[in-house]
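Peer 1: Structure in structure tokens, see below.
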Amino acid sequence: MASLLKSLALFKRAKDKPPLAAGSGGAIRGIKHVIVVPIPGDSSITTRSRLLDRLVKMVGDPDISGPKLTGALISILSLFVESPGQLIQRITDDPDISIKLVEVVQSDKTQSGLTFASRGTSMDDEADRYFTYEEPNDGEERQSYWFENRDIQDIEIQDPEGFNMILATILAQIWILLAKAVTAPDTAAESELRRWVKYTQQRRVIGEFRLDKGWLDTVRNRVAEDLSLRRFMVALILDIKRTPGNKPRIAEMICDIDTYIVEAGLASFILTIKFGIETMYPALGLHEFAGELSTIESLMNLYQQMGELAPYMVILENSIQNKFSAGAYPLLWSYAMGIGVELENSMGGLNFGRSYFDPAYFRLGQEMVRRSAGKVSSNLASELGITEEEARLVSEIAAYTSDDRNNRTSGPKQAQVSFLRTDQGSEAQHSASKKDEARAPQVKKETRTSSKSDKHKEGTDKEPVSSSAMTLIDVDTTLEADTDPLESKKSAEALLRLQAMAGILGDSTLGNDSLRAYNDKDILN
């Protein structure tokens, strides 16, 4: 049996192992297309700022071609380094494109103010065709995207500090787009705006230079559809991370934005480890989880073997990303999601509408959190040197804070997964219907007694009795159907108040000549 388990472990490890780079053939190369990337030909800040101005206007042209747009974005992304050409040549290794670097210098003879550097050959016409676009023949003004503040005419500047701030503002908006461009481009605007506000408050960017929505949409769509552009951006991030010592301010900002980019598309895998395994609840000992725990273990080993590219496998469209999908461990993932929605309010907005989602194991995770609230892990307590008396004190404090948290906030998590509680809801509805049948004769009896005692007030007497009785029944049914322990205390207090009120109103209709005065003290007593 031991040999079988050992063979099983080796089999799972070999199954999830990526293929090794071996064989007699060379690297497979695709049909390449040429990408022209303009780079500054001198160290002048005027040249760089003028090139940045022309490139931003080019990107805002709705009719720009895809390869030209990619080249312009690569040029903008590399403008913050001292030698953009060396950077691009060092980090670019793409089988789909061939990058052609073109040096740009200032010129007074061209319409754009820039020309391509060459030896003895005039490239003014080629530079104008590249940096400018023709107006339509019908005389209408051509639409182009620019900054939201239309008062900004150009961004040419001669001050190095000011140029770095403007460049950082533009680069921040481009890098923020990468976080959601592949996984959720349609719902990315809200999160992108939050990050923009963050960097504005930190004075890393200039708020007045917020780019137009159309400009950002154009870049987001290009990032989503162009794998070569994403490869360059990931390679640039990794190159910045490998740089020793202090980094330029723009480089540090890119690393900060990388925290939102890294592990994009791997939420199922990361959250399963975080909530399903790291919480170490005893439910992990179930036989149903044995196979999936082995799968998670092999995937974690595979993740480590992939090295520094592992967090970007979805952005880079690596085919191995399918192995990390939640469909490979559906029971453990459903269990982890149940734990997550109980521990973190931010998990309540997740979409659980997957075909492999299992509601039973989702509720298992919820119940593990609820019933384990305030308990101390014996293994962890022994490692930390916590005594039994200290563990008991921690349990009491944790139970108190848990009750206080439940009373203060019900949270969005139960509202998001209410459809999963079909069993509890049906049982509560069944018990409520039985109580309705038992109370119905009593309600009818009270109504007949009221009508006999005072016939000339038949309408006025019947109305409060039936209203109070039906109100009591409806409230009982509703509160019994709601078995959420997060609101049990409030529900009990509300039920006592409503029962006392209904009793007062019912007693006033049982033939007494003088109506009983309503007083809050009766409810409190």
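Even glycines carry a Cβ here, placed using N, Cα and C.
Straight out of Swiss-Prot:
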- 1-403: region 'Ncore' (REGION)
- 1-36: region 'Homomultimerization' (REGION)
- 1-375: region 'RNA packaging and organization of the helical nucleocapsid' (REGION)
- Lys180, Arg195, Gln202, Tyr260, Asn351: RNA binding site (BINDING)
- 373-391: region 'Homomultimerization' (REGION)
- 403-472: region 'Disordered' (REGION)
- 404-525: region 'Ntail' (REGION)
- 408-431: compositional bias 'Polar residues' (COMPBIAS)
- 433-464: compositional bias 'Basic and acidic residues' (COMPBIAS)
- 477-505: region 'Interaction with the phosphoprotein' (REGION)
Peer 1: Return the count of C-beta atoms lying within 10 angstroms of the C-beta of Lys180 (RNA binding site), excluding that atom itself.
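Peer 2: Cβ-Cβ neighbours of Lys180 (RNA binding site) within 10 Å number 22.
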Peer 1: Please give me the CB contact count at 10 A for Arg195 (RNA binding site), counting all chains in the structure.
Peer 2: 17
Peer 1: Rounding to the nearest whole angstrom, report the longest C-alpha distance spanning Lys180, Arg195, Gln202, Tyr260, Asn351, listed for RNA.
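Peer 2: Across Lys180, Arg195, Gln202, Tyr260, Asn351, the two farthest Cα atoms sit 32 Å apart.
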Peer 1: Comparing the binding-site residues Gln202, Asn351, which residue's C-beta has the most other C-beta atoms within 10 angstroms in this structure?
Peer 2: Gln202
Peer 1: Near Tyr260 (RNA binding site), which residues of its chain come within a Cβ-Cβ distance under 8 Å, counting only those 6 or more away in sequence?
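Peer 2: Those within reach of Tyr260 (RNA binding site), by Cβ under 8 Å and sequence separation of 6 or more, are Ile176, Ala179, Ser191, Arg195.
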